[in-house]
Amino acid sequence: MKNVYLDNNATTRIDPMVLEAMMPYLRDYYGNPSSIHDFGGPCRAGLECAREQVASLLGAAYTSEIIFTSCATEATSTAIYSAIALAPERREIITTAVEHPATLAVCEHLERQGYMIHRIGVSEEGALDTAHYYDALSENVALVTMMWANNETGVLFPVSEMATAAHERGILFHCDAVQAVGKIPISLRATDIDMLSCSAHKIHGPKGCGCLYLRRNTRFRPLVRGGHQERGRRAGTENIAGIVGMGAACELADVHMPMMASVQEMRDRLETGLLTTIPHTLLMGANQPRTPNTVNIAFEYIEGEAILLLLNHCGIAASSGSACTSGSLEPSHVMRAMNIPYTAAHGSIRFSLSRFTREREIEWAIEQMPDIVARLRTLSPYWQQDKVQIAQGGLFAPTYG
């Protein structure tokens with residue numbers, strides 16, 4: 001079997017209905033939405049229709065709370081820099097140790113500028129250290145910025161409760177919801193989240209389009225300045241075709257949300273199939289609430305890069321948080337934050353499904369993985385099955401005889 005795509009947390013295939021919605025704006029409606037003549041009208045209408053569709057999926061109270069951007073990374077940078085510009089006397093930021101680089105890189109930059117960054121840790125299952133979070137909240141904090149769902153493990157964070165706690169101390173709260181939107185129901189009007197980032201290409205929309213949710217009456221400073229677009233909050237002529245595509249993708253995600261139950265069933269089947277047929281494996285976030293589409297399993301004593309290469313040979317696309325994919329000799333920062341031992345962290349593989357995933361594809365992956373792992377372990381200097389000892393009380397605390 002070929003073309004089994006299980007890397008949907010990286011990007012998704014564009015839905016044919018999304019492409020169909022975009023085509024008129026690539027072919028026929030080429031006017032500038034800011035223009036008052038007839039060529040601008042259809043583009044302006046498409047822009048506002050998409051804004052309504054995005055607001056509906058996010059459960060926003062007002063369509064004006066949606067600001068279109070080029071991507072979620074831009075939205076996240078905008079949120080962070082806006083918050084610190086509005087509270088220059090507050091020189092602390094709270095984030096987590098397992099954020100996406102879009103957040104971590106900005107925080108590292110600000111740390112070099114003199115900001116104190118509180119990086120909230122996680123347990124070995126990826127659960128947030130809430131006690132550490134509450135201790136870090138103070139009048140010196142300008143912003144809390146954290147993800148709703150982790151991109152590597154799928155573990156969900158209690159962002160609604162975290163946002164309420166931040167508000168009680170007068171702190172703005174931003175959420176990176178890239179991996180949550182379209183996979184779990186979201187109602188922002190029922191939360192205290194001030195700002196939220198999301199992306200079109202993670203929900204079967206086009207690349208090059210994202211948005212920032214900005215709660216009404218939240219003070220704001222734009223990052224991209226120039227024209228009056230997006231009510232003066234994000235300058236630059238809008239990517240109308242991309243925005244229309246994002247709107248269509250959001251509407252379809254809303255319609256197909258019930259399908260996430262069947263996606264979760266396939267995810268569970270994949271987990272069970274791999275864990276029961278391959279020894280010395282660990283499911284990341286096994287006992288934590290997770291997105292319904294994400295499986296991250298560590299296969300001990302082998303490298304994730306080698307697994308991916310052999311999977312690709314079998315026509316299966318997946319992803320790894322191990323050293324190879326980042327060009328580093330270390331496992332991913334998420335695996336290290338979870339304190340996953342060396343021999344397991346290097347062999348972690350993420351399989352991420354979508355509503356386009358089929359059961360036969362899951363069965364094909366289950367069939368191929370045992371042989372792949374067995375072949376690689378015969379080449380591993382760490383794999384001496386008759387000498388591996390499992391320490392009492394933990395699957396991954398090996399000693400070598």
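For all residues, glycine too, the Cβ spot is worked out from N, Cα and C.
Swiss-Prot annotations:
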BINDING   Ala72, Thr73, Asn151, Gln179, Ser199, Ala200, His201, Thr237  pyridoxal 5'-phosphate binding site
MOD_RES   Lys202  N6-(pyridoxal phosphate)lysine
BINDING   Cys324  [2Fe-2S] cluster binding site
ACT_SITE  Cys324  active site, cysteine persulfide intermediate
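Fewest other C-beta atoms within 10 angstroms, among the binding-site residues Thr73, Asn151, Gln179, Thr237, are seen around Thr237. In this structure, of the binding-site residues Ala72, Ala200, the smallest number of CB atoms within 10 A of the CB marks Ala72.
Long-range neighbours of His201 (pyridoxal 5'-phosphate binding site) (same chain, six or more residues apart, CB within less than 8 Å of its CB): Thr11, Thr12, Ile14, Lys207, Gly208, Cys209. Cβ neighbours of Ser199 (pyridoxal 5'-phosphate binding site) (same chain, under 8 Å, six or more residues apart in sequence): Cys71, Ala72, Val178, Val181, Cys209, Gly210.
Close to the residue listed as 'N6-(pyridoxal phosphate)lysine' in the fold, though at least 6 residues off in sequence, lie Asn8, Asn9, Thr11, Thr12, Ala72, Val178, Gln179, Val181, Gly182, each with a CB less than 8 Å from its CB.
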